[in-house]
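Below is one structure; the comments refer to it alone.
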Amino acid sequence: MALLHSGRFLSGVAAAFHPGLAAAASARASSWWAHVEMGPPDPILGVTEAFKRDTNSKKMNLGVGAYRDDNGKPYVLPSVRKAEAQIAAKNLDKEYLPIAGLAEFCKASAELALGENNEVLKSGRYVTVQTISGTGALRIGASFLQRFFKFSRDVFLPKPTWGNHTPIFRDAGMQLQSYRYYDPKTCGFDFTGAIEDISKIPAQSVILLHACAHNPTGVDPRPEQWKEMATVVKKNNLFAFFDMAYQGFASGDGNKDAWAVRHFIEQGINVCLCQSYAKNMGLYGERVGAFTVVCKDAEEAKRVESQLKILIRPMYSNPPINGARIASTILTSPDLRKQWLHEVKGMADRIISMRTQLVSNLKKEGSSHNWQHIIDQIGMFCYTGLKPEQVERLTKEFSIYMTKDGRISVAGVTSGNVAYLAHAIHQVTK
């Protein structure tokens, strides 16, 4: 009690001599966070919120990055339902996973990405850890670079890139740079610009590459272009950091979608790789991903794994178990794996079909523009080439929602609304 009274006395004395201190203490007591400003809304979530408020029966949400069936409904893969039933029947426990995750899931993920007969897997010169989907894989990778990549803090991102790449690497303490990627004049790959910029990247820097289905443009290099990019990356001694969120979902063929990653490794480039099962298995809310580092030898891989575990432990201790069990069950069960590959191809084919139907309907509308880029691009997203003012008209006049850069999620297009979309686009572009 004496201490309490003496503390009040000293506080009163301080306030008497320094009125400002009393005011500061009072403000602090009322709110520790008065200085915190309102953050900007997420642009994609903002699109969804505006869509929900719209009462137009023909409204379309082309901003969401999740697959929809041809009725515009969320889609749970039948193979996932079967895997869930098998897991439930085993009456498994809910104990913690190891820090690195479910071992059989990690092994199966590496095999899916690199190919089952890859020399890297046979020699054991790799490490794969389970992560909290692709975002978690990127953050673990970025944090590993920040702590152990001693050559440079610079990470070169394609321009444009997925919006979350920037804060992930920035918040991990890396410095952000860019290289040319998308050509707005052709709505295609700026191969010349990309090669010129990559050639000028300082040696021992990090370059981020989208393995397939580039987000947000849907523009991918062709195999011969990938070969030249790999040559430049190797010549300049750059570290290749691959983000592969759409394996199988881009072309419908998982091996084709992983071609660039495998080619780089074949050329002697020891890459790291982020994987996600959100899109290709529809496990969005399960948060299932993996991070792989290809090393010089098995001994180096063990050292890298030990440090990845040390990074993971204070972040989230260990990853969630349910989604990893689902993915692992599918990948390691021959019948389920075969069914899943068929379903992935079905999703990819529907998106490819919607691209073709959209262009066909634009032609029927009498559009004189060249829309071939919509067909040439690949994956869930499409850079339409629409200008911000045209996007605004689509929203106001037709209740069609997308981000201001004209990016659309083709998964939101169905056989029931593709004609309406084509009509609206024609009206704002003619």
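A Cβ is built for glycine as well, from the same backbone N, Cα and C atoms used for every other residue.
As recorded in Swiss-Prot, the features of this protein are as follows:
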BINDING   Gly65, Trp162, Asn215, Arg407  substrate binding site
MOD_RES   Lys107  N6-succinyllysine
MOD_RES   Lys107  N6-acetyllysine
MOD_RES   Lys122  N6-succinyllysine
MOD_RES   Lys234  N6-acetyllysine
MOD_RES   Lys279  N6-(pyridoxal phosphate)lysine
MOD_RES   Lys296  N6-succinyllysine
MOD_RES   Lys302  N6-acetyllysine
MOD_RES   Lys309  N6-acetyllysine
MOD_RES   Lys338  N6-acetyllysine
MOD_RES   Lys363  N6-acetyllysine
MOD_RES   Lys364  N6-acetyllysine
MOD_RES   Lys404  N6-succinyllysine
TRANSIT   1-29  transit peptide
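A separation of roughly 52 Å, to the nearest angstrom, links the Cα atoms of Lys122 (N6-succinyllysine) and Lys363 (N6-acetyllysine). In the three-state DSSP scheme, Asn215 (substrate binding site) is classed as coil.
Close to the recorded substrate site, the chain also has Gly163, Pro216, Met380, Phe381, Ser409: residues not among Gly65, Trp162, Asn215, Arg407 whose Cβ is within 8 Å of the site's Cβ mean position. For Lys364 (N6-acetyllysine), the nearest of the recorded positions by C-alpha distance turns out to be Lys404; the candidates were Trp162, Lys309, Lys338, Lys404. Summarising the substrate site geometry, the residues cited as binding it (Gly65, Trp162, Asn215, Arg407) extend over a maximum Cα to Cα distance of 12 Å. With a 10 A radius on its CB, Lys309 (N6-acetyllysine) counts 15 other CB atoms from all the protein chains. Sequence-distant neighbours of Lys302 (N6-acetyllysine) (same chain, six or more apart, CB under 8 Å from its CB) are Val127, listed in sequence order. Within 10 Å of the residue listed as 'N6-(pyridoxal phosphate)lysine', judged by CA to CA distance, lie the following binding-site residues from the set Gly65, Trp162, Asn215: Gly65. Each residue contributes its Cα atom, and for Gly65 (substrate binding site) and Lys296 (N6-succinyllysine) these two points are 36 Å apart.
Taking CA atoms as the reference points, Lys404 (N6-succinyllysine) and Asn215 (substrate binding site) are 15 Å apart. The closest partner of Lys338 (N6-acetyllysine) among the binding-site residues, by CA position, is Asn215; the full candidate set was Trp162, Asn215, Arg407. Look at the recorded positions Lys122, Trp162, Lys404 and count other Cβ atoms within 10 Å of each Cβ; Lys122 has the fewest. Counting in whole angstrom, Asn215 (substrate binding site) lies 26 from Lys363 (N6-acetyllysine) by their C-alpha atoms.
On a Cα basis, Lys234 (N6-acetyllysine) lies 25 Å away from Trp162 (substrate binding site). For Lys107 (N6-succinyllysine) paired with Arg407 (substrate binding site), the C-alpha to C-alpha distance reads 35 Å.
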